[in-house]
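Novice: I have a structure here, written as structure tokens, and I will follow up with some questions on it.
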């Protein structure tokens, strides 16, 4: 009998540590491409007896779209004294009587996935084992290479995230557990990738070498694949037979529920949940990813740089156009990669939005369609006018640099992102039976305070400058005109219908008659009254009869009104150059019952000139802050030593909080999630809860508390601490 392999050792602890995957697994080899790993092969007999046979020794790596079909790609490479870092290679590092230690190198552009490794000597092949190959931001030759180590720690290895809500002037931080390194998550991610590729019609496993391909396949699975999508989106506030989006604390329960149910959609998600789950999956696969929030976002503009809002004569927001509206905030992702398919300047951060959008025609160029669909399918699309993409669909990955420069002709939905953050919103007043009438002063601007979590800290970082030039600057005007020309050209060449653009939206020319200003506190504690200040100034040459309507509406984050909570009307006769100042205090009892899950209120002031019938409009959005929920942890905590957290809740209301429950979670601190029933918390009272726990993991760890009661559903707090190693 000839020489055979007795066993092999993949040196998992040291390899996984070198490849920054030790948190994913300690018993499976998980490595990153473009970086060598070592394996030890134990032969059945001394090697020197079979020198001729050993001269013809190769390794074989097999992979495919699915782990059960690993032989779709097979690479064979010889074992030599020197390895080649640019391709599959194996170098003999050390040999003993019956052992070989091999350094195996994978190319930096190898397809990611599950691999099976064999050794072939002469005519016999021996199974060595299986490993998982991921993208490698530490490898300079990989398209996802990120040169800054602090950023790699944040955008690949950090599992504790922060997602921002609220308004542009009152940003609210929400904790999120990405949990991308929990062991079963990597398998779920590859199953998800496989189904996404099937949904996209991609059957070539070599495509997995491209981070663009992987991002698009994952995004397709978030909400767009109706049969097997991860999450179900529904109208805000309508969450029957499911979990409200604001109650999720992390990605792993969503991904596990989806996998356990044989890939049935999980109920429910909204934009921040889609972006958070997307971030978990892409970080797990090795693509540097972050979650980004933009405030005042123009949704579904269909390539238009203008969007309209309609109000009735009471200043109540109407839902006349259910697709195109201004969202208070929107959440998407950015992924870091080189763009080998585009110009070099488009490398870097790429915007990727998993929330389904209604795309207009002409969003992706012919070149982009040919690349993504293939020549045969492209000819069918052209000949029979077949819609090339399912609608609605995800967007991206779009180069952030192209968005800033107004290069809306670039592939991958640059146009969508550009119009969403540069459109101007015009307010129209709809009187029953009449045509809508434009309101003066009602224009608002989108794409404000674009924010993400800072590297290495939990501070909010403003990255608006990455997406836009300063408002009003000469450069901003140049970019807007360039984008307008590009979109107009695209609309003209791809659609026989009348182009949606007549000009870049500009503010209405306002008559110099009346001026109105509305002011309030941007953020209020729950239970506080709302102070309103309205100033009306008549700077015309004569007396003016005016009618003022001031109102408050509760609002979902996506611009859908919930209900009008309060309204008051005033009539004034203002002399020339007279100023009228109005101070109003709206009690909590008026607005507190129907705040909605995001606690957003829109304040409006509508002023009508009774002589000319001109209408002047002002609006403000405010965020109502939750009660104070604090977490206290001991200063010095040690791994495996029992400890206690103290959680305190202050009820700011003049009524008891009823049916109170606190859910506590913390990876490495508490196993899964614990729930504690508190009963009622008395009016203006404080309730304390002591939570015993034993840390099992050292390093920075976060404890999260989620409080719910009959009156509140989305009160969260978190505390990060450093656990000393035992």
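Every residue, even glycine, has its Cβ placed from backbone N, Cα and C.
TrEMBL labels come from automatic prediction, so no person has curated them.
Grabbed the feature section from TrEMBL, which reads as follows:
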ACT_SITE  271  active site
ACT_SITE  330  active site
ACT_SITE  353  active site
DOMAIN    263-356  domain 'Transglutaminase-like'
Novice: Can you count the other CB atoms that lie within 10 A of the CB of residue 271 (active site)?
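Specialist: Excluding its own Cβ, the number within 10 Å is 25.
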Novice: If you skip the near sequence neighbours and keep only those at least six away, which residues in the chain come within under 8 angstroms of residue 353 (active site), Cβ to Cβ?
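Specialist: Residues satisfying the criterion: 219, 275, 332, 333, 394, 395, 396, 413, 416, 417.
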Novice: Have a look around residue 330 (active site) and count the other CB atoms within 10 A of its CB, chains all included.
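Specialist: The Cβ of residue 330 (active site) has 28 Cβ neighbours within 10 Å.
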Novice: Could you round the CA separation between residue 271 (active site) and residue 330 (active site) to a whole angstrom and send it over?
Specialist: 7
Novice: Using DSSP, how many residues of the domain 'Transglutaminase-like' (263-356) fall into helix, strand and coil, respectively?
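Specialist: In the domain 'Transglutaminase-like' (263-356), the DSSP-based counts are 18 helix, 44 strand, 32 coil.
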